[in-house]
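Per Swiss-Prot, these features apply:
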type	residues	note
BINDING	GLY78, TRP80, ASP103, ASP119, ASP143	S-adenosyl-L-methionine binding site
ACT_SITE	LYS183	active site, proton acceptor
Amino acid sequence: MTNNLSGYRNKFVRVKTSKKRTVSSSNWLRRQLNDPYVAKARIDGFRSRAAYKLLEIHEKFKLFIPNMKIVDLGAAPGGWSQVASKLIKASDNNLNNKIISIDVLEIEHVAGVEFVQKDFFEADTEELIIQALDGRADIVMSDMASNTIGHKATDHIRTLLLCEQAFEFALKVLKPSGHFIAKIFRGGAENELLHKVKREFKTVKHFKPSSSRSESTEIYLVALNKK
C-alpha cells in the first residue's frame, strides 16, 4: 500500500536558523527533512512525494488501465507522469499508450511520455497538446497549484483559477466517459466550479490522500465519466 511508511520515519531533524533563509523557507526545509513520503519517494525512485497522492487516487477509483491517452498539466518534476507511465505500462515503443506532459519547467524523460515545455496559459498551448494527442484523451490530470503566499484565501482563489482552466481544457479534449483529476484548496469559493463539473461528469468526488499533509487544505477533485 502507498501509505505504508514503515522504515521511512527518521529521527526529527531540526533546521538551524540562518540570516539568508526566510521563516517560510526554513519551515519548508524542516517539513521536507522530516517528511516520510519524501524519504520514501527517494527510495522508490519517484521525483516527488506527490506521486503517492496519484497512486492513492488510483487505488481508490481504479482509473488507469493500459492503452490510454493521458494529459498531465503542470507536470514538473514528473512524479505524476511517472505514476501514470507505470500504471498504463507505457513505453517509448508502445504507440497505444500516450502521455502528454506539459510544464514551463523542463523535466527529465519518462518512458512513454511526450513532454511539451510551454506555459499552459499561452495562447497556442492548447492546440499543441491537441495535436500531440492525435485524438481524444482518456484522462486529464492536474496537480497545478499557484505559488503560495501563506494567505489562505488568496492561495485558495489562485489555485482554484488554475483548476478552472484545467477543467475548461479537459472538456475540449476528453472523450465521452473520460476522467478529470485536479487539485483544489478548500476555502468556500470552489462550490461554483463544483456545480459546473457535476453538470459535465456523471460522478464527482472529493478525495484527500493520506499522503497529503494533514495541515494542508488541499483536496483532489475526481470527476468520472464525462457525459
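Note that Cβ sites are derived from N, Cα and C of the backbone, with glycine treated the same way.
Feature annotations (Swiss-Prot) mapped to structure.
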residue	record	contacts (Cβ under 8 Å, 6+ apart)
GLY78	S-adenosyl-L-methionine binding site	ARG47, SER48, SER101, ILE107, GLU108, VAL110, VAL113
TRP80	S-adenosyl-L-methionine binding site	ALA50, ALA51, LEU54, ASP72, MET141, ASP143
ASP103	S-adenosyl-L-methionine binding site	GLY74, ALA75, ALA76, PHE115, GLN117, PHE120
ASP119	S-adenosyl-L-methionine binding site	VAL104, THR125
LYS183	active site, proton acceptor	SER142, ASP143, MET144, ALA145, THR159, CYS163, GLU218, ILE219, TYR220, LEU221
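Whole-number maximum of the Cα to Cα distances across the S-adenosyl-L-methionine-binding residues GLY78, TRP80, ASP103, ASP119, ASP143: 18 angstrom. Its Cβ placed at the centre, ASP143 (S-adenosyl-L-methionine binding site) has 23 other Cβ atoms within 10 Å.
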